[in-house]
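Okay, so here's the structure we're looking at.
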């Protein structure tokens, strides 16, 4: 797995680490003008297309790859695991200066920290100006942050299923997720690496997340009120023998079980905080003012069934790009019942506008604009 060391990295909080390890993947060949940075979502990784050893398919294999919408025979694709995560880039579970895991002594991270980390990584790769930055969910916030902080370094921005900031409902749900982790006795104020991990709290937090990522329609279609047979529940439910176990519970148990095996609880807390804290307009009068220096093309892609980041929120981003003076702006709305997860699973709807936008900007044949229609 490729990594690089960034010397003397200073976080937004003011803390500096002597060296920051950043794990990343590249796909395709760099020609000098074809670099596309892909920003992963909350618990994603650098393996957008899959691991080099073929161990899994990655998190966006139907969008990134040879002959895919982000065609790796045409574009040089870069994806980096963000600071604070646990897929190879330094974060709470990584070894600190003394050789033990950082835990909660790792500096707090922000979305702008991710952006500056990516800029420095690209410098080491010899990439100056990006053809495009593409990101979904909090990765979409990361993409928008590029338009604010490095407007001259990117030609096109594709912000998918995202918003300039979280609303109160999402902030509240994230607070519940954090409390589930911190309320687990094994969390031990984040110092759990030598013993039992707070798997119960992390499982609950992830189950809440999966409910947030689906829509009412998709849950009704996928699960309804059907009952299921299960031997275990995660977390364990002492009252389970008195009640029927529903299909939706079985699904949540499975998702929690697989997630706690691959993710770190402290990293989850750090990344949630970064998403909670982000405000594209911070320190500026408005979102439009924050985006005013970006004069390239912007695609804002949203989904009708997404209540996590709604189409109406995306419309405000598109309006801000227009008011800021971007060369071309389109708000492409996908009619989908998949919920927030649509950007990951509905590749037939996501792929064509994304491919055409990368190729021709907002003039792309499959790119539509819902201005005034949301």
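Any Cβ shown, glycine's included, is placed from N, Cα and C.
Not measured: the values here are computed from a predicted model.
Quick look at what Swiss-Prot lists:
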- 34-346: domain 'AB hydrolase-1' (DOMAIN)
- 137: active site, nucleophile (ACT_SITE)
- 206, 341: substrate binding site (BINDING)
- 306: active site (ACT_SITE)
- 340: active site (ACT_SITE)
For this session: Only counting partners 6 or more residues apart, tell me which same-chain residues put their Cβ under 8 Å from the Cβ of residue 341 (substrate binding site).
Result: 213, 214, 218
For this session: Quick one: pull the CA-CA distance for residue 206 (substrate binding site) versus residue 306 (active site), whole Å only.
Result: 18
Problem set entry | Length of the line joining the Cα atoms of residue 306 (active site) and residue 340 (active site), in Å | 4
Seminar exercise, completed: Filtered by Cβ under 8 Å and at least 6 apart in sequence, the residues in the chain of residue 340 (active site) near it are 137, 161, 212, 213, 214, 215, 303, 306, 307, 308, 309
Problem set entry | Other CB atoms within 10 A, centred on the residue listed as 'active site, nucleophile' | 26
